[in-house]
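Report on the following structure.
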Amino acid sequence: MMHLENKKVGIIGTGKMGQSLLRGIVRAGKAKPANIYASDVYEPALQALKDELGINVSTDNFDTVDNSEIIILAVKPQILRNVLRGFADHINENKLIISIAAGVPAATIEEELHEDTRVVRVMPNIAATVGEAASAVSAGKNASAEDAEVAMEIFSSMGSAALVPEHLMDAVTGVSGSGPAYIFPVIEAMADGGVLEGLDRESALKLAAQTVLGAAKMVLETKKHPAELKDMVTSPAGTTIHGVHALEKNGIRAAFTDAVMASAKRSREMGK
Ligand SMILES: NC(=O)C1=CN([C@@H]2O[C@H](COP(=O)(O)OP(=O)(O)OC[C@H]3O[C@@H](n4cnc5c(N)ncnc54)[C@H](OP(=O)(O)O)[C@@H]3O)[C@@H](O)[C@H]2O)C=CC1
Ligand SMILES: O=C(O)[C@@H]1CCC=N1
């Protein structure tokens, strides 16, 4: 893996995900704060980020583009074309564009800039904030293997990252890009159940969240099939099988599969 320490990295759009990535990059020591540039339309938020992280900030996106070799696009997909207007004059073959915009094909960004612009798409998730994102990386037609590696290096420093062909990015968005938002209500609802049964809210939330974390770690570390792991918890005529039965009666599997499909479908629509 090559080192990014001396590369200049820019982030355009410091909303929820842009901030998550900035904190992730600084936390992992992937780039020196003095080599990080960020821009957004909202000045007070930029100033707060400068104070917190010691990075360079500007309300002019061209400052970020001109100063950076790697430019991460973290604005909403709906405004990406607008944001890229005028960029073409500031982009050259030395600059790598990394877009995290859901649904937007690399080819759309190439069209807005130059046909030979180096573009890599990444679908991370909000857990980059705590170093536990699940990210997928796909290289546009002009991006080199090294460009994809640079993206892999950045995003694997804040969680896991895998290379996927671009046509699977909508599927990835459905599973892991949107996924944290499926699990937060699960944690809240499990805690609600605990409160209903007499636990205080704080303890119930902690138990529920740690249970999700532990179950996820079991899948990743034991590499056993989730069904086998479930069977390890369900004693005959015991408590767990009663809970599992209640979930199945309420269609839990179809509910989650439908959620992934609905998000992926929306991602495809946004790409049109
Ligand atoms: N949130 C998530 O969990 C994930 C998001 N993504 C992708 O990340 C991108 C950003 O999403 P998210 O962070 O949620 O959205 P946000 O709206 O929180 O962030 C976008 C930021 O860009 C700012 N902005 C608007 N116009 C401009 C402009 N012309 N120049 C620079 N900045 C501008 C917005 O300011 P203002 O609010 O004032 O308009 C806002 O601060 C999207 O493309 C999304 O698909 C990918 C994976 C996960
Ligand atoms: O909801 C969205 O469109 C973005 C993309 C993935 C997560 N949030």
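Just so it is clear, glycine is given a Cβ too, placed from its N, Cα and C backbone atoms.
Here is what TrEMBL records for this protein:
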type	residues	note
DOMAIN	8-103	domain 'Pyrroline-5-carboxylate reductase catalytic N-terminal'
BINDING	Ile12, Gly13, Thr14, Gly15, Lys16, Met17, Ala74, Val75, Lys76, Pro77	NADP(+) binding site
BINDING	Asn61	NADPH binding site
DOMAIN	166-270	domain 'Pyrroline-5-carboxylate reductase dimerisation'
How many neighbouring Cβ atoms, not counting its own, are there within 10 Å of the Cβ of Ala74 (NADP(+) binding site)?
24
Quick one: what's DSSP say for Ala74 (NADP(+) binding site), helix, strand or coil?
coil
Suppose you look only at the domain 'Pyrroline-5-carboxylate reductase dimerisation' (166-270); what would the mean pLDDT be?
98
In the domain 'Pyrroline-5-carboxylate reductase catalytic N-terminal' (8-103), how many residues does DSSP put in helix, strand and coil?
46 helix, 19 strand, 31 coil
